[in-house]
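Data block below; observations after.
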Amino acid sequence: MSAAVPTTRAGTPPTLQCGWRSACGKLLDIANYVIFSPEASAVVMPVLVAWECVLLKLIVKHVPYTEIDYLAYMEQIWQINNGERDYSKIEGGTGPLVYPAGHVLIHRLLERATDGLQNVARGQDIFTWLYLLTLVLQFGVYRMLRLPPWCIVLACLSKRLHSVYVLRLFNDGWTTLMMVVAVFLLLLAARHPRLCLPAALVYSAAVSIKMNALLYLPGVLVALFLLTRGHLLALALCGAVAVAWQVLVAADFLSTHPAEYFATAFDFRRQFMYRWSVNWQLVGEQVFSHPTFHRCLLLSHIAILMLFFFTRYAAPRQPNWFRTAAAALRHPATAVLAASPPRAHVAYVLLVSNFIGVLFARSLHYQFLAWYHWTLPALLHWARMPCLLALLWYVLHELCWDTYPPSSVASATLYALNSALLLLLYINGPPA
C-alpha cells in the first residue's frame with residue numbers, strides 16, 4: 001500500500017501550504033519594496049511618465065479647452081509687437097500686464113507657435129510637453145532626495161494641476177519649470193559649487209516670468225550662502241548674474257519707460273479678486289481687501305521665516321548664524337564654512353521657504369497650485385507622517401483645490417492642512 005500524504009486539518013498538504021506562505025511572503029516583500037524603497041523609484045518613475053503621456057493625451061482629446069487668460073496674454077503681446085513699450089498702457093481683456101519681461105519673452109514665442117488663438121491645439125501640445133519636462137526634472141530632484149515611491153506617485157494625482165497646464169494654458173507652469181531647474185542645480189551644487197552661478201541665473205529667469213518665485217528668495221539666499229560656504233564675493237557674483245538677467249530680459253522696456261516697468265511688473269500692492277481666492281474665503285471680503293490684513297500676513301510671514309532661519313536653516317556643523325556672519329564679513333573673499341551642506345538640507349531650506357510663503361499668501365487662485373504642488377511629495381516625507389495619514393492629507397488637500405467655486409469650508413480646511421504640515425516640518429527639522 002502507498003503511504004498516505006499527510007494533510008493539515010483543513011485538508012491541505014503541508015508542502016502546498018508552505019508554498020502559498022512563501023509566495024505571499026514574496027509578494028509582500030515586492031509590494032513593500034515598490035511602495036517604500038527609494039531604489040524602486042528607478043522603476044516607478046518611468047511608469048509614471050508613460051502613464052502621464054497617455055493621460056494628458058486623453059485629457060486634451062476628451063475635455064474641452066477653457067479660455068481664461070491666454071487670450072489676454074495674446075492681446076498684450078500684440079500691443080507689444082505693435083511697438084508699445086510703456087508697461088502701464090499694455091492691457092488685455094482680463095486687465096493690465098502685471099508680469100515681468102520673461103513672461104513677455106515666452107509668450108511672444110507662443111504667439112508665433114499658436115498663431116495667436118488660431119491654433120490653440122498646438123499650444124496645448126506645448127503645455128503637455130511643459131508638464132512632462134517639469135515632471136521629469138521633479139523626478140530628478142526626488143531621486144537625489146531619495147524619496148520613497150509612495151511619495152513620488154503623489155506628484156501625478158492632481159486633477160487641478162492637469163487642468164492648469166493643458167486645459168487653461170496659464171503662465172504659472174513656466175515659472176514652475178524654471179524653479180524646478182533652479183532647485184535641481186542647487187542640489188547638484190552641494191557637490192559641484194560652480195553650479196551656483198547657473199542656478200542663480202535660472203532662478204532669476206523664474207522671477208522674470210512671475211513674481212511668485214520670490215517666495216523662494218529667502219531660501220535661495222540661505223542656500224547660496226551655505227553652498228558657497230559663506231564666501232561673500234561668490235554670493236555677490238551670483239546676485240550680479242541674477243540682476244543682469246533682469247536687466248537683459250527687460251531691456252526694451254527699461255530703456256524707454258523704466259519707472260512704469262517696475263511699478264507694473266513688480267506691483268506688490270496689486271489687489272486680488274476675493275471671489276477666486278481659494279485660501280481666504282474663511283474671512284469676509286472686507287477683511288480680505290483691508291491693508292491691515294495684508295500687513296498681518298506679511299509680518300506673520302517674516303516672523304515664521306525668522307523662526308526657521310535661526311532654528312532650522314543654519315549649517316549642520318555651524319549652527320550659530322551670528323558667528324558665521326561675523327566671520328564672513330571679516331573675510332569676504334574666503335569660505336568660512338567647513339563644508340557644503342547635504343543636499344537634503346538645501347532642499348529643506350528651499351522648499352520650506354516657498355511653503356511658508358504659500359501659507360501666508362494674500363491670495364491663492366486655482367492656477368497657483370502649480371507654485372507648490374511639486375514640492376508636496378518631499379514635504380510630506382520630511383513631515384514623517386505615516387503613509388496612510390499622508391495620503392489622507394493629500395486627498396483632503398486636493399479636494400480643497402477642486403472645490404468650485406471657492407468656499408469657506410474648503411479655505412479653512414486648506415489652511416488647517418497646510419498649517420499642520422508646516423508645524424510637522426518645524427518639529428522634525430531638516431532631514432538627516
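Please read every residue number as a count from 1 along the shown chain.
The backbone N, Cα and C atoms fix where each Cβ goes, and this holds for glycine too.
Annotation comment: Swiss-Prot describes 1-124 (among others) as topological domain 'Lumenal'.
Residues annotated as topological domain 'Cytoplasmic' in Swiss-Prot: 146-168 (among others). Remote same-chain residues near the topological domain 'Cytoplasmic' (146-168) are listed as 34-38, 40-41, 44-45, 48, 51-52, 55-56, 59-60, 63-66, 68-70, 124, 127-128, 130-131, 135, 138-139, 366-367, 369-370, 373-374, 376-378, 380-381, 387, 390-391, 394, 398, 401-402 (criterion: CB distance under 8 Å, separation of at least six residues from the stretch ends).
Mean pLDDT for the topological domain 'Lumenal' (190-206) in the predicted structure: 98. Marked as topological domain 'Lumenal' by Swiss-Prot: 190-206 (among others).
Annotation comment: Swiss-Prot describes 252-290 (among others) as topological domain 'Lumenal'.
Nonlocal intrachain contacts for the topological domain 'Cytoplasmic' (312-343), taken as residues 6+ away from its ends with a CB within less than 8 angstroms of a stretch CB, comprise 144-145, 187, 189-191, 193, 219, 222, 225-233, 349, 352, 426, 429-430. Summarising the annotation, Swiss-Prot assigns topological domain 'Cytoplasmic' to 312-343 (among others).
A Cβ distance under 8 Å defines the sequence-distant neighbours of the topological domain 'Lumenal' (365-375), meaning residues of its chain 6+ beyond its ends; these are 134, 138, 155, 158, 160-161, 164-165, 168, 170, 172-173, 175-176, 180, 212, 215, 272, 276-278, 351, 354-355, 358, 401. Annotation comment: Swiss-Prot describes 365-375 (among others) as topological domain 'Lumenal'.
The topological domain 'Cytoplasmic' (397-408): residue composition by secondary structure is 7 helix, 0 strand, 5 coil, according to DSSP. Annotation source Swiss-Prot lists topological domain 'Cytoplasmic' at 397-408 (among others).
Among residues of the same chain six or more beyond the transmembrane segment (125-145), those with a C-beta under 8 A of the stretch's C-beta atoms are 41-42, 45, 48-49, 52-53, 56-57, 60, 110, 113-114, 151-152, 155-156, 162, 165-166, 169, 173-174, 176-177, 180-181, 183-184, 187-188, 343-344, 347, 374, 377-378, 381, 431. Residues or ranges marked as transmembrane segment in Swiss-Prot (evidence: sequence analysis): 125-145 (among others).
What Swiss-Prot records for 169-189 (among others) is transmembrane segment, and it gives sequence analysis as the kind of evidence.
What Swiss-Prot lists as transmembrane segment is 207-227 (among others), and the listing cites sequence analysis.
According to Swiss-Prot, the feature transmembrane segment maps to 231-251 (among others). The list of residues near the transmembrane segment (231-251) in space but at least 6 beyond its ends in sequence, with Cβ under 8 angstroms from a Cβ of it, reads 100-102, 105, 193, 196-197, 199-201, 203-205, 207-208, 224-225, 261, 265, 328-329, 332-336.
Panel annotation: around the transmembrane segment (291-311), residues 218, 222, 283, 321, 352-353, 356-357, 359-362, 422, 426 of the same chain, lying at least six beyond its termini, place a Cβ under 8 Å from a Cβ of the stretch. Swiss-Prot lists 291-311 (among others) with the feature transmembrane segment.
What Swiss-Prot lists as transmembrane segment is 344-364 (among others). Distant neighbours of the transmembrane segment (344-364): 141, 144-145, 179, 183, 186-187, 189-190, 214-220, 222-223, 226-227, 272-274, 276-280, 288, 294, 297-298, 300-301, 304-305, 308, 312-313, 316, 371-372, 375, 378-379, 382, 415, 418-419, 421-422, 425, 430-432; these residues of the same chain sit at least 6 beyond its ends, with a Cβ under 8 Å from one of its Cβ atoms.
For 376-396 (among others), the entry in Swiss-Prot reads transmembrane segment, with the evidence type sequence analysis.
If you look up Swiss-Prot, you'll see 409-429 (among others) marked as transmembrane segment, on the strength of sequence analysis.
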Contact check, the transmembrane segment (207-227) vs the transmembrane segment (169-189), 3+ Cβ pairs under 8 Å, seq sep 6+: yes
Same-chain residues at least 6 beyond the ends of the transmembrane segment (376-396) whose Cβ lies under 8 Å from its Cβ atoms: 35-36, 141-142, 145, 147-148, 150-152, 154-155, 157, 347-348, 351-352, 355, 413, 417, 420-421, 424-425, 428, 430-431
Tertiary contacts of the transmembrane segment (409-429) (same chain, 6+ residues out, Cβ under 8 Å): 277-282, 304, 307-308, 311-312, 348, 352, 355-356, 358-359, 379-380, 382-385, 393, 396-397, 399-401, 403
Long-range neighbours of the topological domain 'Lumenal' (252-290), counting only residues six or more past its ends (CB under 8 A): 85-89, 96-101, 211, 361-366, 368, 400-401, 403, 405-408, 410-412, 414-415
Intrachain residues whose Cβ lies under 8 Å of the topological domain 'Lumenal' (190-206), provided they are six or more past its termini: 102, 175, 178-179, 181-182, 213, 216, 220, 224, 227-229, 234, 237-239, 241-243, 245-246, 249, 340-343, 346
